[in-house]
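Peer 1: One structure is given below, represented as structure tokens, and several questions about it will come after.
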Amino acid sequence: MATLVRLVLRRLRGLRGLPGLPRLAAEMPLRARSDGAGPLYSHHIPTTPLQKALLAAGSAAMALYDPYRHDMVAVLGETTGHRTLKVLRDQMRRDPEGAQILQERPRISTSTLDLGKLQSLPEGSLGREYLRFLDVNRVSPDTRAPTRFVDDEELAYVMQRYREVHDMLHTLLGMPTNILGEIVVKWFEAVQTGLPMCILGALFGPIQLSAQSLQVLVSELIPWAVQNGRTAPCVLNLYYERRWEQSLRALREELGITAPPVHIQGLA
């Protein structure tokens, strides 16, 4: 399956003469071409329904085999989530804060974040806790793949925004980046977004867990994640970049997000 996906990707790049990804995604805002010709946005690769089906099948198999293949998870999300992305986009349009995000198209990367400012914020603020999450878990917002296979530039931005706030959800939920923490976040995202890739990750991710972690997940963490996902308003409607100074505790209370029922840092 991995070979199939790579073959399709090579064929698509060859048809367009793409040399690869020339610049960081964060440097290229998702905006449509004014002349209506060529790709709809930076990195866009137009695909037929058959090509999308092949990419979806191959990426699903690889993502289930290795949940850490984020490139395959990204392809799966883009080739299966069109209808769901439209629902999420419409939710954002109906919300004042979400509509502003769609209008201004903010991006989250090391080139857009003022890391010095985040470091200077008070303890317990969203910005400071987000920065702490990045440091403790040794992750970077620059690792999020650019959207390529969504054939609508606004929906492509919704997908990109979802990816770039993923670490923010880890911060809000108090979840580490080990496999158990990722599965818990996927359950929350599945309820919140309905994206097929989130549902698949939530359902099949636990296959790799130990018996102890699986028991904790099923008895404690899944019910908690599902309940919080249902209670919280759409997390894509939060303009996080304008809430850095807000207390993380206050933001959790605003969203109705409760503390995790167990500490999972040592579980895997």
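In case you wondered, yes, glycine gets a Cβ from its N, Cα and C as well.
According to TrEMBL, the feature Zn(2+) binding site maps to His166, Asp167, His170, Glu182.
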Peer 1: Check the binding-site residues His166, His170 for other C-beta atoms within 10 angstroms of each C-beta and report the one with the most.
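Peer 2: Highest number of other Cβ atoms within 10 Å: His170.
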Peer 1: Near Asp167 (Zn(2+) binding site), which residues of its own chain have a C-beta under 8 A away, given they sit six or more steps off in sequence?
Peer 2: Tyr130, Phe133, Leu134, Val139, Pro141
Peer 1: Using the centroid of the Cβ atoms of His166, Asp167, His170, Glu182 as reference, list every other same-chain residue with Cβ within 8 Å of it (recorded Zn(2+) site), in sequence order.
Peer 2: Val139, Met168, Leu169, Met175, Thr177, Gly181, Val185
